[in-house]
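**Student:** Quick one: the structure is below, questions incoming.
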Amino acid sequence: MPKSKRNRPVTLSKTKKKPGLERKGKVVTDIKDAVEHYANAYVFTYDNMRNQKLKDLREQLKSSSRIFLAGKKVMQIALGRSHADEAKTGLHKLSKFLQGDTGLFFTNLPRDDVERLFREFEEHDFARTGSIATETVELKEGPLEQFTHEMEPFLRKQGMPVRLNKGAVELVADHIVCEEGKPISPEAAQTLRLLGMQMATFRLYLVCWWSSDDFEVYKEGLAQLRAEADDSS
């Protein structure tokens, strides 16, 4: 005999929101709050992102500014994507530049100070696999005095033609670690780190600026954004 629908149990507890939706909702709220508290908003792009370096910059500027790196659609929703839904007049103009590797920078700092900060910001680090070598690195045949004998097996695994000669690591032939303009292999990235050679530079570029009575696009930042789009296509 079929069960009566009237006897079916009903769950009265509330359905929990998904964590992802809660995070996105908080980002939208935080951006809208930043719109109210800061006089200027910028879209920026970057090269060779380093999370810890960005965290340090956030800490340095926390008294005057706020940085957001989030999903592009989430940031666009917070700003508004048209005149009809923008958080403040003209703010929707920023949204169309939120593409690729971009973020939002809200601040009360004078514009000259912001431009100088972004222009001078530069943090060097070791290159990661797949990044483009900025120079050719070639090791010549002979002793590698910077490496101890315990490292010889590891160096061979990195593709280096090495041997132990009287307890010293020796390169038996010239070896090219990486070539300028070409992607860095996993082995090359490890070797460059061992050599102490930093080929990556974390940089920031302003793409555009908004204030309540003005809007401007930065040519250098826009060119960088377009170059990134071309590389990824």
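Using the three backbone atoms N, Cα and C, a Cβ is placed for every residue, glycine included.
What TrEMBL shows for this protein is this:
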type: COMPBIAS; residues: 1-18; note: compositional bias 'Basic residues'
type: REGION; residues: 1-24; note: region 'Disordered'
type: DOMAIN; residues: 127-196; note: domain 'Large ribosomal subunit protein uL10-like insertion'
**Student:** Taking all residues of the domain 'Large ribosomal subunit protein uL10-like insertion' (127-196) together, what is their mean pLDDT?
**Tutor:** 93
**Student:** Which residue counts does DSSP yield for the domain 'Large ribosomal subunit protein uL10-like insertion' (127-196) in the helix, strand and coil classes, in that order?
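**Tutor:** So the counts come to 19 helix, 19 strand, 32 coil.
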